[in-house]
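Taking it in order: structure first as structure tokens, then the write-up.
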Amino acid sequence: MDKKELTAILLSGGKSTRMGKDKKKLNYKGSFLIDTIVENLARYFNEIVIVSNEVDFFKDRYNSYDNNIIIREDIIKNIGPCAGLYTGLISSSNEDNFLMACDMPYFSCQYLEYLENKEYKKALVYDNGKYLEPFFALYKKELFENIKIYLNKGRRSINGFLNEISAYTVEYEEIKNIENINKVFRNLNYPQDWKNYLEENGKRFD
Ligand SMILES: Nc1nc2c(ncn2[C@@H]2O[C@H](COP(=O)(O)OP(=O)(O)OP(=O)(O)O)[C@@H](O)[C@H]2O)c(=O)[nH]1
């Protein structure tokens, strides 16, 4: 698959309160989940912007890649993923941007291709019937202006933002035949989620 004229924005700057330990440091016997996520992204995206609250952790970590990997600290700190997206969009050199989280272990290039081939304005996100999934979704760079205004009003929720801009949506019916589509939106919030993920992948959790 050719590399995309898209930037992948990887958010890794949350508080990991529910996990009880920093999600960017989740590893199994020295094999870090975040490295697997970056490895997947590097196959499809020339440019990857990692937005983190700990840039030192990422410094020199991916030097062996040919991709343009940009590490940025949040411009507006500690207020959640909407602010992370803001820094990611400002730092991106592409009009179209793909948002990924550091706690989403599954990746579907088939779904990425599906998104890429859809026309959209502002943002294109999956509607799971209950709420809009902000990750594994596309955002136009120009949106950073709207996010700034939204955050300046004291708003924080990325879902609130998606509703406010009337993001374009993808419905289950359109994508139900994509392999493993239900796994794509799974994220790891609690220690049990990490344990389940490892066990599903044949790794015994000690
Ligand atoms: N850069 C950046 N990323 C964030 C921020 N808050 C959350 N994220 C990322 O957004 C994604 C989803 O985060 P959540 O699981 O909702 O939040 P969290 O703070 O990591 O975890 P909890 O404290 O348990 O809610 C993860 O990839 C986080 O690293 C932030 O303020 N800045």
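A Cβ is built for glycine as well, from the same backbone N, Cα and C atoms used for every other residue.
Binding of GTP is annotated in TrEMBL for Leu11, Ser12, Gly13, Lys23; the matching candidate from Asp96, Asp103, Asp127 at the same site is Asp103. Ser12 (GTP binding site) falls within a strand when secondary structure is assigned with DSSP.
Averaged across the domain 'MobA-like NTP transferase' (8-157), pLDDT in this predicted model comes to 97. Residue density at Asp103 (GTP binding site): 25 other Cβ atoms are found within 10 A of its Cβ, drawing on all protein chains shown. A C-beta separation below 8 Å, combined with a sequence spacing of at least six in one chain, links Ser12 (GTP binding site) to Lys23, Lys24, Ile34, Ile50, Val51, Ser52, Asn53, Phe58, Ala101, Cys102. The local packing around Leu11 (GTP binding site), expressed as other Cβ atoms within 10 Å of its Cβ over all shown chains, amounts to 29. Among the listed binding-site residues, namely Gly13, Lys23, the Cβ with the most fellow Cβ atoms inside 10 Å is that of Gly13.
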